[in-house]
Amino acid sequence: MSVPYMQSHSDSQNKMQSSYPYGYPMNCNISRAFVEMTEEDRKCLEERKYWCFMLSSIVTFCVSMLLVVAWRIITHLFCQRREKDDEPRVAPSAITANGNKHLALPKSEFEGIKQEEKLGWMTEAKDWAGELISGQSLTGRFLVVLVFLLSLGSLGIYFYDASFQNFQVETCIPWQESPSQQIDLGFNIFFLVYFFIRFIAASDKVWFLLELYSFIDYCTIPPSFVAIYLQRNWLGFRFLRALRLMTVPDILQYLNILKTSSSIRLTQLVTIFVSVCLTGAGGVHLFENSGDFFKGFINPHRITYADCVYFVLVTMSTVGYGDIYCTTLCGRIFMVFFILGGLAMFASYVPEIADLIGNRQKYGGEYKGEHGKKHIVVCGHITYDSVSHFLQDFLHEDRDDVDVEVVFLHRVVPDLELEGLFKRHFTKVEFFTGTVMDSLDLSRVKVSDADACLVLANKYSTNPDAEDAANIMRVISIKNYSSDIRVIVQLMQYHNKAYLLNIPSWDWRRGDDVICLAELKLGFIAQSCLAPGFSTMMANLFAMRSFKTSPHTPSWLNDYLRGAGMEMYTEKLSEAFVGLTFPEAADLLFTRLGLLLLAIELKDEEKKECNIAINPGPHIRIQPQTQGFFIAQSADEVKRAFYWCRQCHDDIRDVTLIKKCKCKNLSLFRRNTRPSQVKVAGRHAEALQPLLGVMEREPLLPGPGQSVQLRMLDHSRHKPQSGVSSNMMMPSNGRRSSLSIPPDGRGVDLGKEFEQQDMKYDSTGMFHWCPARNLEECVLERHQAAMTVLNGHVVVCLFADRDSPLIGLRNFIMPLRASNFHYHELKHVVIVGDIEYLRKEWKTLYNLPKISILNGSPLSRADLRAVNINLCDMCVIISARVPNTEDTTLADKEAILASLNIKAMQFDDTLGFFPGAAGGLVDGGIGSPSVTTLQRKGARFGTNVPMITELVNDSNVQFLDQDDDDDPDTELYLTQPFACGTAFAISVLDSLMSTTYFNDSALTLIRTLVTGGATPELELILAEGAGLRGGYSTSETLANRDRCRIAQIALSDQPYDGISHHSTYGEMFSAALKYYGQLCIGLYRLHDADNADSMKRYVITNPPAELRIKNSDFVYVLQQFDPGLEYEPGKRLY
C-alpha cells in the first residue's frame, strides 16, 4: 500500500517542479529538495521497527520501577518480621555458658549494635558510589565533566546522522557498517555504567528513576542495544541529549570558573533556554521527517534540523513568519504542547538574560592588570564627592611618576555623574560592582596582589559609630582574606580606633594606618587656638594643588596661592649634608636650594625602628641615607636635596640647574651604604641631656646679641622679683595671660605651686594631667562666669543636645594640654553648651586641667559676654548635631548664625588683666620685671574677635564673611575665610588618604604636629576606656616633654636682633634658626595693612627668601622646648 502511494507522491513532486522555475512554489514549506529513496531503502521501510526502539525504553523504565517497588515491599515486610523476632531476646539479665549471670546491655546500646549489623555490603557500596560521583571529590568532578563531554559527543553524532542528503529517520544499515553508530554505542555503554553508579548512590531509588536525566538515559541507551539486534538504526529520541547542557553551571562551579551569583544565574538561564530550544527542534525534526504513523508514514515533511531550530525560535518569540510550518498531525500536536511551555519560558527568561548580560558587561568580570603595574583597591563610601576629591589629589600632576591604577569596589552601580568621572580617568580608574565582605569579590579585584586597600568613610553620616563599625568590618574582611595587604581606613570617632587593635593582622609596621577624622579635625582647630591660621597652613600642605596666578591676581592672593601650592614630600639627603647639624642643613637647603626642611628620620639600629625628629636642634647631625621631610612645590624640586653636590653645584645660583651629577661622591652615595648608628636614638631621646642641667646645654646665643626671651630668662634667674606678690605673678607667653579667678575657688589653684604636685603628667609624659573632677565642680552659672576674670582663654561654642553623637572633645583639649607647654602657659578652656551632652563627654575630659563649663547657648549674647568672649584668644564654633540629610546647605545654619551674632556684638570699657611691663622695655637693653596690670585690652567690635568656625558643607563658607568678594562657586581653599584661617571644613581631610598611601611617614608627622604628641602607647591606654592615667615624673617621661611645638611670634616685638621692617624673609629665617633654634615655616600677614581697624590676616606658607617682611607680620615657627622657659609679655606664643 505504501509503495504506490509514495510513487504517486513522487509524480506530484515532479509536476510541481515543472510548473515552477525553482521546482517549488514561493510559499513552499519544503526546506530542501526531495531525494529519491533507493530500492533497498524501500524494501527496508516496508516493515518499520520504530516501535521496538520505543518499547525498549518503556520496558526499561517499567521493569526498573517494578523491581525497586518490589524490593521496597519485600524489605519492609522482612524488616518488620525481624524486629518482632528480635524483641524477646532483650532481657534484663542473661546466663552465660559457664553459669555466670551478667546484666543485659541498655536499650540504646542494643539498638546501636542492631544498627551496625544492618550496615552491610549495600551500605558500603552506596557510600562508595556517592563518594565516586560527589562533586566534592576530584573523581566525581571528573566523571561529571566526562559525562557532559560524552553527551555533547553523542549529540554531535545525532547532528551528523541527521545531516545526510538522503537522510531517513529509520535506516537498515547494520551497526558494523556505521562508524557513527559504533561510537554512539560506546558512549551509551559508559552512560549505562554511570547510570548504575548513580542508582547505587541514590538515597531514594524511586525518585531517582523519575529524574529528568534518568528519562534521558531510558530514551537513548536501550535503543542503541536494540539496533544491534535488529540490524537497523532509528534516530529516535537521541536529541534528548541536548538537555545535558543544563549541567553546564554545575560543571563550571566545580572548575571554579563561576564564582558570583549573577554569573551562575546567567549561565543557568542560557543553558536552560538553549537546551529546551534544541530539544524542541529535535521533536519537530523527528515527527515531521517521519510522517504520521497512522497514515503509514506516507506524508513526511522533509526539513533539516537547522530549519527546525529556526522554526522553534520564531514560534517561541511569537513572530511566526509562516515560511516554515508543521504539516504532519503529530508535528502539530507536539507544537501545541511545546508552545504552551516555550512561550512562557521565552517571555520570562529572555528579559532576565538581557538584564544580567547588560549589567555584567559594564561592571562585572575581574580586574586584569598589567604585569608589574601596581593597583590599589578603594572601597567604603563611594560617591561623586568623595571620589572626585580623592582622584583630584591622588592623580595630581605634581606627584612624581604616579603609575598606579585605582580600582573602586562598591555594591551600588555608579550614577551618571560618577560614571562620567570614571570615563574621564578611564586610563587610571576601573569600577567593579561588589562588596569587600565577599571573598569572591575580593578575588575579582585581586586584593591579594594590590599594593594597598583604602576604605573611605561617610563624613556626613547621621550615625558615626555605625559608619565606623561598617568600615572596621570591611577591614576585618580584607585582612581575613589577605593578612599581608596594607590597609588605610578612615574612621569618624576617635574611640573606635581601639577596635582596630583587636585585629591580629593589623600592623602599623607594614603600613596599616587609620585616619581618624574627628581627631585630626579637632586637632587642627586646637592648633589654630595656639597659632591662628595654622589649620589652613597644614591643610594646604597635604593637599595637592598647583600654583597658578595671573597679572590680575591681587598681591595677597598671589602670596597665599603660592603657599597653597606647597606640599609635603620626603627625600634622602645627599652625601654633601652628612656631618652637618640640623640647623646648618636646613639653612643650606633653604638659602641655596629653596627647600624647607621640617624634620628628619632618626634610625634606631637596636630597636630596628625609625623616629621622626621635628627641628631637633644642633645636637643632631645628618647621617648617611637620612630621609628628610620637605615643603616644596613639587617632587622635582625636592630632588635637588638628593642631587646636591658641593663640588659640582657650589657655584650654581639657578636652582633649576641642580641635576644629577657624575662626580664620585654621588656615585658612592647611591650605593645603599649601610648607615652608621645614630648617636641619639628615638624621637625624644635628645631631651635627656638638657634635662640633666640647663647649663650643660649648648647656648642658643653664642654672640653678644640677646633675645627678649633670654633677657627675661636671665633676669628671672639672677634678679629677684620685687614689688609683686608671688600670687599675683601670672606668667604667660601669649598676648594676654590665661587667667581665671573664680570667686568660689574654681579654676586655677593659685595657692598651690604646680611643681609641688606629685602627678603632673599622664603616664606617658606627653600631656598635663590632674586628678579626676566631677562635672559639677567645673560648671559655672552665668553670674559666676561674669564675676570670673577670664582673659586670654579659649571659648568653645558647642551646639549639641543629649541625643547628639559624641565628637570627642578630648581630641580638642589634649593638644592644648601638651606637656611641652608649661602649666602657666596652658590656656583656660571655657565650653558654652548643653550640660547633658557634656556629661557624656566628661569621662574623657575630667583628667585634663583648666576646663570650665557654662550651661548655656552659644547664640545667647548674655552667655557670650559672661565668658568675656572679647578677651579670648580664640573662639571656636563647632557642632555635634546630626547634619540635615534633606538639605545639606542647612547643616551649618547654627554655626553661621553664631558667627554672625558674635561679629555683630560691640564691647565698651573692656578691662582685663594683662601682664605688662611697668616702665616698658628698653630696646637692646634689659627691661623691667613683668607685672600684672589692669589695662584696657581686647576687641571693641565682634569682627575683631579671633574666631574659627567648623563647617560641614564647603559652599556655606560664603556666608561667614559678608565683606569678602568671593564667588559662591569658589573652591574652599580659595575663599577668604579659609585663607585667613577663620573657617575649617572636614572635606580638606580627604587628601590625607592619598598622602598616607604615598608616604606613611607624612601622616605620622602631621599627627605629631596636630595632636600635640599622641603616641601608640597612649592610644593603647585610651583604648581601655578609663581615660588618661597619671604618672610620676621620671627621667623617661620628662624626656618626652622635650619635643618641638608650634609658635606664632609677633615681629612688632622685634624678637630677632638685626631683623626689622623690610628685611627679607631669608635673612629672618637664617637668624631665627642659627641664633634662636626656631624654624620659620610661614607668615600670618594683614589682609589690608592700610586699614587700622582691620584685623583680618591671611596665611603665607613657606614664603620665598626674597619676600620683604613687615613689622605687622606674625611668623609661624617650630621651636624647641626649653625647661627653663619663663613667660614674657612681649612675645606671642600659643
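Quick reminder: no glycine exception, Cβ is built from N, Cα and C everywhere.
Annotation source TrEMBL lists compositional bias 'Polar residues' at 722-740.
For the domain 'RCK N-terminal' (373-516), the predicted model reports an average pLDDT of 88. Positions annotated as domain 'RCK N-terminal' by TrEMBL: 373-516 (among others).
Per TrEMBL, domain 'RCK N-terminal' is recorded for 791-972 (among others).
Summarising the annotation, TrEMBL assigns region 'Disordered' to 718-742.
With a threshold of 8 Å between CB atoms, the same-chain residues lying at least 6 positions outside the transmembrane segment (50-74) that come near it are 169-170, 205-206, 209, 215, 218-219, 221-223, 225-227, 230, 234, 236-237, 290, 293. Annotation source TrEMBL lists transmembrane segment at 50-74 (among others).
Summarising the annotation, TrEMBL assigns transmembrane segment to 142-162 (among others). Same-chain neighbours of the transmembrane segment (142-162): 132-133, 135, 180, 183-184, 187-188, 190-191, 194, 197, 220, 233, 235, 238-239, 241-242, 244, 247-248, 250-251, 254-255, 278, 282, 285, 304-305, counting only residues six or more beyond its ends whose CB sits under 8 Å from a CB of the stretch.
When Cβ-Cβ distances below 8 Å are used as the criterion, the transmembrane segment (183-201) is approached by residues 125-126, 129-130, 132-133, 143, 146-147, 150-151, 153-154, 157, 175, 208, 214, 217, 220-221, 224-225, 227-228, 238 of the same chain, each at least six residues removed from its ends. Among the features that TrEMBL reports, transmembrane segment is placed at 183-201 (among others).
Here the transmembrane segment (207-230) has long-range neighbours at 49, 52-53, 56-57, 59-61, 64-65, 68, 154, 175, 181, 184-185, 188, 191-192, 195, 198-199, 236-238, 240-241, 243-244, meaning same-chain residues at least 6 beyond its ends whose C-beta is under 8 angstroms from one of its own. According to TrEMBL, the transmembrane segment annotation covers 207-230 (among others).
For the transmembrane segment (266-287), the list of distant contacts is 155, 158, 162, 169, 235-240, 242-249, 252, 258, 303-305, 308-309, 311-313, 316, 326, 328, 330-331, 334-335, 338, 341-342, 345-346, 349-350, 352-353, 356-357, 360: same-chain residues at least six beyond its ends, Cβ to Cβ under 8 Å. Positions annotated as transmembrane segment by TrEMBL: 266-287 (among others).
Summarising the annotation, TrEMBL assigns transmembrane segment to 303-322 (among others).
Note on the transmembrane segment (329-350): residues 269, 272-273, 276-277, 280, 283-284, 287-288, 290, 292-293, 301, 312, 315-318 of its chain, located 6 or more positions outside it, place their CB under 8 angstroms from a CB of the stretch. Annotation comment: TrEMBL describes 329-350 (among others) as transmembrane segment.
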Within the domain 'RCK N-terminal' (373-516), residues counted as helix, strand or coil by DSSP: 57 helix, 33 strand, 54 coil
Beyond the flanks of the transmembrane segment (303-322) by 6 or more, those residues with Cβ under 8 Å of it: 30-32, 159, 162-163, 277-278, 280-282, 284-285, 288-289, 335, 338-339, 342-343, 345-346
